[in-house]
Structures are given as structure tokens and as C-alpha cells.
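Contents: one structure, followed by commentary.
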């Protein structure tokens, strides 16, 4: 039996040490912003921050959910910061970002789940950096009536919501969420604003069967999702769900081939794929693929 405590060579990444990495880190700290890169212990942080790519996490640093895969703190959430949208817009301007990714903790305590705060952040960035494209990675807004409409009206360039895993693992891995609610949210955003690119992702290596992954791929395409990401689950701490398997690069290539036959505009499937990894480059490819589809 393989030693799952030792990561295979294809998972290993270099420790961050570039000047650009530390400059990005200092700016984020000075503007009192949270990032999912740090909170979720992302393995790609060194590469991304060295390129001044970061995923800002709004609505505080404490989540109202306790998903078994996630390293973000859970508990009593922070008070909503009304000045966060302006500070975020300032960071985007100072980093001269062409593409920004905004995510958040779950805020089940808020009436709209934080949807209006996302909208304010989008609005502030549009004011100071009108040429910057905006991608948002949101919670599921479970039982938050009107949240999808708020998001759709804010017109992000990309709307991302991750289904995270296969339905059979929701009770143990993502107990506060509902798989079909996530599918419905993705479908509703596309129906409300067809021009918004939709995106979703999942982790593998949690104990799912390959046929379950293929079914999720089918479900996401049925929900009109444009861009699919699939990456390897990595255990953040010993208190989180254990890795059941390290999926090989060859297996990821197989999943990518399967997904590409379903009609997605883009598919990214490899061990280090994360929702916002190479998001700026992928957005350009997404637009190009859409234009090619129109003329084909």
C-alpha cells in the first residue's frame, strides 16, 4: 500500500523566496486584506505571488461552515467591514492587476450571504480599474433568496462556484452544503446573465469513484458551466480529511479528455490545478475559445 503521508514527486513545489513574492505579501498586509492563498495554504502561492497574482478573500477570515477539506478558520464570523471594497480596489490598482479573483468565506449569518458585499467590491474595482477583468469565487448562498440576482446584476466577467466533490461525499466532506443547490446556483447565474462565463471545480483523491467524477462532469455541463477545474486534494492538517489517493498525472489527463468531449469551453485537470491558478491567462484563453466556438 502506498504511503499517503509522503507526497509524490509530481505534487512538490518550490518554497517561495522571490522579491516580488514578498512585495505582494507586504502590500496585502498593509491594506489589511485576507487572501485564500494564505488561509487555505495553497501550494501555488510562491509562483502566483511572484507574478503579483493573488486571490483576495472578503467578508472576513472566519467561516460559518466547517468543511473537512478546508483550512480556513471556522467559528463566529467577523463584523462586516464597510471599507473593504475600497481597500480591495486600492490593492488591485497598486498591483496593476489585469485580472483579479475575489473569493470569500461562507457567511450564513448574513441575510444575503454576502452577495451585496461582492457587488460593492466589483463596483469599486470598476471605478478605479475599469480595464481589469473580475472573477468571483462565491459560496453557495444556500437559502439566500435573491443572492443570485444580486451577483448577476453586478456583472463579474467570471462567476465561479465549486462543487468541490462528488455527491456521495458531501455528508462527510462538505456537510453544510447541498450538491444540487450548487448546480442550481451555477445554472441560475448563466440563465440570468448568459454573457457571464461560469466556472466550477472539484478535488479528487478523497475516496470518490471514477464514474462519480464523470457524473459530476456531466452534471456541470448540464448546468451550462463553461470552465471546469479538477485538482488533487491535499490534507491541510492532520485534523482534516485524509488523502485517500494521489491521483496520477495520467489519470488527470484521462479526466481532462473525458471532460473536453462534453462541450466545456475550457478544462484544467492536473494535480496542482486550483480554482484561481493561472486565472488571468485562462480568462484570455476562455474568451478566445468562445470566439472560436461562435465562428465554427
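Each residue, glycine too, has its Cβ placed from N, Cα and C.
Straight from Swiss-Prot, the features:
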type	residues	note
BINDING	37, 42, 48, 276	[4Fe-4S] cluster 1 binding site
BINDING	63, 67, 70	[4Fe-4S] cluster 2 binding site
DOMAIN	49-265	domain 'Radical SAM core'
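Annotated features, which come from Swiss-Prot, shown on the structure.
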{"residue": "63", "record": "[4Fe-4S] cluster 2 binding site", "DSSP (3 states)": "strand"}
{"residue": "70", "record": "[4Fe-4S] cluster 2 binding site", "DSSP (3 states)": "coil"}
{"residue": "276", "record": "[4Fe-4S] cluster 1 binding site", "DSSP (3 states)": "coil"}
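Around residue 67 ([4Fe-4S] cluster 2 binding site), the same-chain residues six or more apart in sequence whose CB sits under 8 Å from its CB are 164, 173, 174, 175, 176, 177, listed in sequence order.
Just so you know, the Cβ of residue 276 ([4Fe-4S] cluster 1 binding site) picks up 27 other Cβ atoms within 10 Å once every protein chain is counted. Across the domain 'Radical SAM core' (49-265), mean pLDDT in this model comes to 94. Rounded to a whole value, the Cα-Cα separation of residue 63 ([4Fe-4S] cluster 2 binding site) and residue 276 ([4Fe-4S] cluster 1 binding site) is 19 Å. Every protein chain considered, the tally of other Cβ atoms within 10 Å of the Cβ of residue 70 ([4Fe-4S] cluster 2 binding site) stands at 22. Here the CA atom of residue 276 ([4Fe-4S] cluster 1 binding site) lies 16 Å from the CA atom of residue 70 ([4Fe-4S] cluster 2 binding site).
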